[in-house]
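This report concerns only the one structure given below.
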Amino acid sequence: MSLDVDIQIASEEADLPSEEQLILWAQAALRETGDREVTIRIVDAEESRELNAQYRGKDKPTNVLSFPFENPPGLTLPLLGDLVICAPVVFNEAVEQQKTAAAHWAHMVIHGMLHLQGYDHIIDEEAEVMESLETELVTSLGFPPPYATNSSLAEG
C-alpha cells in the first residue's frame, strides 16, 4: 500500500509545513488498501472563499475542503481526490485554539484525508467515529488530542 501525494503551494504564507510533513500526515490517515493518489493544495483565503462559496454555498474561507474522486463506471483509478487547505485559516485557528501550528496542520490533513475516504461528521454517530479516529491518528504522531478543550489540557 502506498500513497502518492502531489503538493501544490498557492499561498503566500510563510512557515508552511514541509512537503515531508504533509506527506507523513496524509500517509498516517490512509485507511484504504492498494496504491492511492491525492493532491494537497495549500491556498490563501481568497481561493478558499471562492471554492467554499461555489461548492458549499458559504461565502467565507474555511480550513479544509475535500473533493473525493469518483471513478466513472467501468474504470478504476487510484485517485482518492483533492484536499484544499487554507493556510491563513489554519494558522489563525491554531492560535485561537492554543495549539501549535504543526499540530493543527496535521489534524487538518488527517481530517481531510478521512473525508476523502468516506468518513463524515454530519450525523452524531458518524462524528464520534471520525473524531475518535482523528484523535487516535493525531496522538500517534506525537501531538495532543485535537478536540481537547483548553481547560482539559490545563487539568491534565
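Yeah, the Cβs are placed from backbone N, Cα and C, and that goes for glycine too.
If you check Swiss-Prot, you get these features:
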type: BINDING; residues: H111, H115, H121; note: Zn(2+) binding site
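Within 8 Å of the centroid defined by the CB atoms of H111, H115, H121, the record's Zn(2+) site, lie the Cβ atoms of V64, S66, G112, L114, Y119, D120, M130, E134, excluding the listed residues themselves. All chains included, 15 other C-beta atoms sit within 10 angstroms of the C-beta of H121 (Zn(2+) binding site).
In sequence order, V64, E134 are the residues near H111 (Zn(2+) binding site), counting only same-chain partners six or more apart with C-beta under 8 A.
Long-range Cβ neighbours of H115 (Zn(2+) binding site) (same chain, at least 6 residues apart, Cβ-Cβ under 8 Å): V64, S66, P68.
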